[in-house]
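Chemist: Quick one: this structure, given as structure tokens, is what I'll be asking you about.
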């Protein structure tokens, strides 16, 4: 089946491989009348660019976005928006060994099982470069959210064992350190820890946290299209993610009902929750509080340390992966989590527009 | 948008409210030729039945499944299978207070935000009884998996702070205790803990673990339809779930690359992994190992202890929820997790049939 | 794949066979706040009921609709509406011969090819009774349209060679004759023609025409989700339909550009078309004129006259189909065409709500 | 909603406007292992190229296809195939008048109604150039069909009142005349008729017929996903199509049951039909006969003759459309019909792979 299409009302179709001619996305279902220019997309793509610190790959990826359709006189027309990013900096020779041998922690083996063969250059479609289409589309989704007063703040919560201290939370700090942490002190410790792992030819994982502010109540559909269920799918669809939790998440499983329930209160400005253990959803529908969720990112599977593996023909081998790899992909994944979140929210908001007869009449009733 | 349809090839459409005339499901896309009878479905429904221990609600729900279509002479015909469960034991009077007041931790408030009003009897569609349709359909999916040699083992990993000890893991024990735990000693501790919470008019959460054996390599689609992404959505779509993790999950975020990677090895029987930190997926595609994942279940939001809340008209209120509620829903949710897993796997297996031209020719090439 | 689900925003999932326990539909995506009762659905079902004239089967089908979910205190809740019609008047013995022999013009042979076996009682899922779910759901869709000022008028345009004369068009007449024709004189001729065919143990086809009034401009999506494309699919999905045309249809293929184009004019009340050769769509999007389209219905394949056929085991046979069959299904198919039209329009209207940023802000912008 | 995505298993997402930077398509769900090169796609695109006779526009459109992803070492990889065609020959100045004025028979007015504004250059997304993405994707689908022994023959059945004579049918002739007619004599008459209409500053429509040979029995899904229903949608989604009929189509509505039914017969080589009034489908499922259907194409709406219309601001105007327009689009639409047919058939064949448990076991059962 088709696996590279995401979203029902606001659908994106991504394409491209690490070492092919380019990567991109077609967005279908973007409303007409949204101001959009290539700069909006470039700003997002630049956040996932490598080579910005010593803790990410030294590859230089220009990643310039070109809008090919769907925008006229500075506004979206309502028809598909095609965005293209040409590949420019691929060194195919780095990857020759992968052709005949399965890298542990990568998708080499499963692609061969599924398709019978694979584009082995740089992981092909399973490369992290696949996220370029997601991020470009996410930039458009984020612009829609902004028009509705919804903003997303995404950052690194932990790198290996180093976690931020909420009492030091400083939003301004996120863009200032190499780890996208809102806590300068934690970022320094994360740098020290990562440096040590690099020296040991090893790699590092971490946790990304996402907070959505300004979300209206009533988005998300009961049963299977719950807002948190769709967020979970969106986030787990990112290559290295191994876990998702919303609100108190796994901690809720240890709490008692009275500790985990959020009391409602009216302080004079309407109904709100006193706390937010739920993370902004009740019964899968947004409750007007901030959405708060986390994603667990595994350590980069490409390590220079020697690993055991097997060749395509079944012989046991030793493998040491060299080349330009990120020792930690968490900082670069922050914008990917943000993009997938924006895409999911826009799709849910559009889907929910026909929830009430009043809404239908408002739009079509004349 | 429609939110009660799940699956693309093997699609289910569930319906029904806690206090309506009944609940059920229509399964569309079940292959022809599968032996099926009402007993297959009843066996699953019985596992989610309440009243089986002192730790679940004392409501008696008969929940008898009737197959209305799609089966002829003991086999599925390939056309839709409609399954109906009539409601029999509803006491509407228990729920009169909810009509005007929002229960903390429930979907009362968000349904009102979304739809403008709601069926307040027993939570309506947001009730746990909504899972009846899922479980009935899951029973059919599980039969398909069984024909392919795939089995699912689901159990409670923890109740509040009480976790099973893997060294005592005993599959036979799961069906013997009130908590569906594969560890008799842990089950006893869980009982003691739950009893204490009940005395305090409080409730308990926990973690459910699921292990899928016999899964072939190559299922799941790259990019957005990753097998783990779809499992995450399926599991998070269950009312009380707040987190999902596969393989090492959140622990992977703290590990180093060499610790988290699973080496490949050929011991003479083909390629396998030495360990299974990945939980059976690489790049979103099954790798032939067991699938292993966990779901975090929040404590039952209905507690007898006094809580603060707000009425529909915005007045602050105190609320104490009486009636027949589960102090812990984890044991009854085990079969729901299993059902959603079966549904997700069948859908992924069907979707993957056209992944290779060889497969297409095998079926249609004559 | 699943084939019994129709619509993306307003989705219906139908089920049931001719001689099973019943038939029905689950509607998912109906907005909350629509007044709905069983009588609304019954009124539609009664229009497809047989036994109402000598030109339809003498079978008595009670076909009483029961709403099982999704309605509370007389209004839809926004959650799935399940509608059940129990089968009551099936005589399985009538159909014993079909079990081993393929009826010409029926789906017996193709079901066996596709599924390996079939429910042979009365055609199973390929029976005309399958339309019960469609008609029940169509009644709900029609109520939504009515709230938006949109009405559908469907009638028989021709029976065999007998066509209505537009100069005698009388809407009131449609419900008064056995052929649902808006022309009493034509209806009389149709009766004479059908009677003659019945005496020859033969059957009759015809053309159904549908006119939608009050349709707002701007519904339907460019490219693949054109309004007329979706209408064509909806109408061709009805068992006996062999053709669809909108506006001038096949006549347009013989016309010149200046004859077929509809000039725009402003007579002081805004933009309108001087003529309606297009049938109410331009580029697949409604233009504010009436939608006008036709469906070609083949003659009932069940005839008492002797036909050549082949048995399941490949032997040549002669077959004469007795039992209670409609000599002409056109009059009973009128409400099915109307139902499929209503379902298609509601889905298109809901899908189009997010076409403009202005609309999105109107609903979510607060 | 998204309207530019077609197909569920074999999904295509098309994009691009007449005067934008280019047009293209992303194909998601193409099986791995299909030999594919740019020449395969170019051959199809060349068939829709203008400027090949005096009866099509004199615009020169290079329309060179570039495959950007999804193919490795000459074979499809199973991941998305992105195909790009850059626009090269647009003269925006030709279209300045359209910006403020609605062309009769075009989508200018409805786009403005739907989206609030439009890309008026050459019709934007509603231009016939939109079909480039369809044709490119159709070329890939046709290659898949060829591997399964299925071939499609599409040709012009009539131009205005000039129809082919079946007794002169010559498949070789189709590619030899400017009208893609399988009858040289009819093609000559069509040329004379078209020439005359051109002199009168007018345009011409026609009927396209399509015959699919080698189709296996059992494709298409009962109820809403009938093979003919999906073909109808696919064909009606092409801009200028106003009608669709399969087999005897509208003629069937005038026939009697015994005339329209196709008898089954076994002449020693298995079950076949003596005639093919049905056009290759029974109950929406292919019956192993040739699929035969027709599409009615309206005359080109762009004519030089003076027409009445209205400006954007509501003033009545006279309009004479100059520029390089096809006096008849039927010949160029032939390959578009063929492409949409190929796409529909591949999608149906893939969807049907899980119809039987035997098939599922054959692929996954190990």
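First residue shown is number 1, and so on along the chain.
Note: Cβ is positioned from N, Cα and C throughout, glycine not excepted.
Below, the features straight out of TrEMBL:
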BINDING   D:48, D:54  NADP(+) binding site
BINDING   D:125, D:126, D:127, D:283, D:298, D:299, D:300, D:301, D:302, D:324  FMN binding site
Chemist: Which of the binding-site residues D:125, D:127, D:298, D:300 has its Cα closest in space to the Cα of residue D:54 (NADP(+) binding site)?
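Modeler: Closest recorded candidate to residue D:54 (NADP(+) binding site) by Cα: D:300.
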Chemist: Rounded to the nearest angstrom, how far is the Cα of residue D:48 (NADP(+) binding site) from the Cα of residue D:302 (FMN binding site)?
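Modeler: The Cα atom of residue D:302 (FMN binding site) is 18 Å away from the Cα atom of residue D:48 (NADP(+) binding site).
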Chemist: Taking the Cβ of each of the binding-site residues and counting other Cβ atoms inside 10 Å, which one has the highest number: D:300, D:302?
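Modeler: Within the set of binding-site residues, the most crowded position is D:300.
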Chemist: Looking only at Cβ atoms, how many others are within 10 Å of the one on residue D:48 (NADP(+) binding site)?
Modeler: 27
Chemist: Report, as a single number, how many Cβ atoms besides its own are within 10 Å of the Cβ of residue D:127 (FMN binding site).
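Modeler: Residue D:127 (FMN binding site): 23 neighbouring Cβ atoms within 10 Å.
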Chemist: Counting other CB atoms within 10 A of each CB, which of the binding-site residues D:54, D:125, D:298 comes out lowest?
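Modeler: Selected from the binding-site residues D:54, D:125, D:298 on minimum Cβ neighbours within 10 Å: D:54.
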Chemist: Are there binding-site residues in D:48, D:54, D:127, D:298, D:300, D:302 whose CB lies under 8 Å from a CB of chain A, and which ones?
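Modeler: The binding-site residues close to chain A: there are none.
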Chemist: Per DSSP, to which secondary structure element type does residue D:54 (NADP(+) binding site) belong, with helix, strand and coil as the options?
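Modeler: Residue D:54 (NADP(+) binding site) sits in coil per DSSP, no helix or strand.
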Chemist: Hey, which of our binding-site residues D:54, D:125, D:127, D:300 end up with a Cβ under 8 Å from chain C?
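Modeler: Cβ contacts with C, in sequence order: D:125, D:300.
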Chemist: Determine, from DSSP, whether residue D:300 (FMN binding site) sits in helix, strand or coil.
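Modeler: DSSP call for residue D:300 (FMN binding site): coil, neither helix nor strand.
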Chemist: How big is the Cα-to-Cα gap, in Å, between residue D:125 (FMN binding site) and residue D:48 (NADP(+) binding site)?
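Modeler: Given the Cα positions, residue D:125 (FMN binding site) is 17 Å from residue D:48 (NADP(+) binding site).
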Chemist: For residue D:298 (FMN binding site) and residue D:48 (NADP(+) binding site), determine the Cα separation and express it in whole Å.
Modeler: 17
Chemist: Reported as an integer number of Å, what is the Cα distance between residue D:300 (FMN binding site) and residue D:48 (NADP(+) binding site)?
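Modeler: So the Cα of residue D:48 (NADP(+) binding site) lies 15 Å away from that of residue D:300 (FMN binding site).
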Chemist: Take the C-alpha atoms of residue D:48 (NADP(+) binding site) and residue D:127 (FMN binding site) and report the distance between them in angstrom, rounded.
Modeler: 14
